[in-house]
Amino acid sequence: MKTTSTHSSLTYTYEEMSKKNKEYLWHPFTQMKEYMEDNPLIIERGEGRKLYDIQGNAYWDGVSSIWLNVHGHQVKELDNAITDQLEKIAHSTLLGMANIPSILLAEKVIEIMPKGLKKVFYSDAGATAVEIAIKMAVQYWQHKGKKGKHKFITMKEAYHGDTIGAVSVGAIDLYHETFHALLFPSIKLPYPYTYRSLHKQEEIVKKNLKEMEQLLREQSHEIAAVIVEPIVQGASGIIVMPEGYLKGLRELCTQYNVLLIADEVATGFGRTGKMFACEHEGVTPDLLTAGKGLTGGYLPVAITVATDEIYNAFLGDYEEQKTFFHGHSYTGNPLGCAVALANLELFETTNLVQEVADKSVYIANRLQDFYRLKHVGDIRQKGFMVGIELVKDRETEEPYSWTERIGGLTCRRARELGMLLRPLGNVIVFMPPLASTIEELNEMINVLYEAIADTTEREG
Ligand SMILES: *Cc1c(COP(=O)(O)O)cnc(C)c1O
């Protein structure tokens, strides 16, 4: 089938593009041997909450193009922000100089951050935002005369990105085994997890905080920071934190003089029904990382935001060499900052965060029906972040073996039914664009249900 691109006069066939794709590209998190034997999807354009492939098929963007998209695709306000900026300049550096969009965006970001976060440091991916937070934390303690404080506490199964520093503070075994020799060690404590636990939520919170306190009491002189995905641990399977833990963790970090890094790359910008997940418990971290939704899913911009206490520790005379030694070629990219600013303005005019909070009640109600499916073990949700864990046996909570690929098969079925999803093991992730309407959510949830039913309840 021939298609005409909407943006140029080129025409290309699926066969042509498929062949070139297989010849020249190496895809992320993809076993290429298998991919080569498949008929991969090639997206040509997006509009609203839908993506269209080169053959003209439409799909709901059921995971917001991997947790990024906010208002949808081809949003006029965002498109215009980029083309307007393009008439001025596409890029100039932030090393020792400034540009207008990066200044205006920083002002806006500080306006909406949890109170007390004051300075924005730009980068271009969640992983780099985390690298920056790690380096800031370690250098901060050096400036404070505490060189011994350079270790990190993280949560089991945490995910903070794929660069070496970010993997070091992550805790997903598969990645750790492979790159073990390159990683710096971090101390791992369990994330408060309620599924498959016999304890009540309050008991889990208490027990986990107690463990944290014991560790801090013994080792805080060596600990630079605790890093945590606040309220929802994403890549481990959309694990929702029980109430009270984050607040307790903040108190312990303050008490034991250890920094708290909140990695809001997934949860930030309205995803959980608050602008930032930390707001659910009135917490201000010392460092906050964000990315994904910052540009509405348009361009790669990420931020590490610090308190004045941290920022001020880096001030000094030139000879003292207290400068923060970090930067990237595209730090503070004007096109990215311009679209991020337009994105945040659109949040306000559409009252989007409140809309997400309201519509997530609708999602929660619809999801209750899913327990009719006998292989649905656990449904976890905070705002527009949903994880449905499929199990072999609901009574015993026995998981499917990873070799059964139940998550992958379910998402494949969803694609046939018209929605793009990507699983986390046996957990089906549903993360619709934040501006999805009730009607759109309704259709997406219908596909989700059908895909799970077809895959887990078919004969044989
Ligand atoms: C996605 C994610 C990252 C990594 O962000 P990239 O932009 O993919 O580098 C880091 N932390 C969390 C919590 C994430 O969900």
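Cβ coordinates come from backbone N, Cα and C, glycine included.
The DSSP secondary structure for Asp263 (pyridoxal 5'-phosphate binding site) is strand. Counting Cβ atoms from all protein chains shown, Asp263 (pyridoxal 5'-phosphate binding site) has 32 others lying within 10 Å of its own Cβ. Per TrEMBL, the feature pyridoxal 5'-phosphate binding site maps to Gly126, Ala127, Asp263, His328, Ser329.
In the three-state DSSP classification, Lys292 (substrate binding site) falls within a helix. The substrate binding site feature in TrEMBL is assigned to Tyr159, Lys292, Gly327, Arg422.
For the coiled coil (195-229), the model's pLDDT averages out at 96. Residues or ranges marked as coiled coil in TrEMBL: 195-229.
Per TrEMBL, N6-(pyridoxal phosphate)lysine is recorded for Lys292. The Cβ neighbour count for Lys292 (substrate binding site), using a 10 Å radius over every protein chain in view, is 26.
Away from its own ends, the coiled coil (195-229) comes close to residues 130, 133-134, 137-138, 140-141, 146, 148-155, 158-160, 169, 187, 189, 239, 242-246, 248-249, 252-253, 255-264, 266-267, 286-287, 377-378, 380, 389, 397 of its chain (Cβ-Cβ under 8 Å, at least six residues beyond either end).
In sequence order, Gly170, Ile172, Glu229, Gln233, Gly234, Ala235, Ser236 are the residues of the chain that are 6 or more apart from Tyr159 (substrate binding site) and have a CB within less than 8 Å of its CB.
Most Cβ neighbours within 10 Å, among the binding-site residues Gly126, Ser329, Arg422: Gly126 holds that distinction in the structure as shown. Cβ neighbour counts within 10 Å, taken over all protein chains shown, single out Ala127 as the most crowded of the binding-site residues Ala127, Gly327, His328. With respect to ligand 1, the binding-site residues Ala127, Asp263, Gly327, His328 contribute Ala127, Asp263 as residues with a C-beta closer than 6 angstroms to one of its atoms, given in sequence order.
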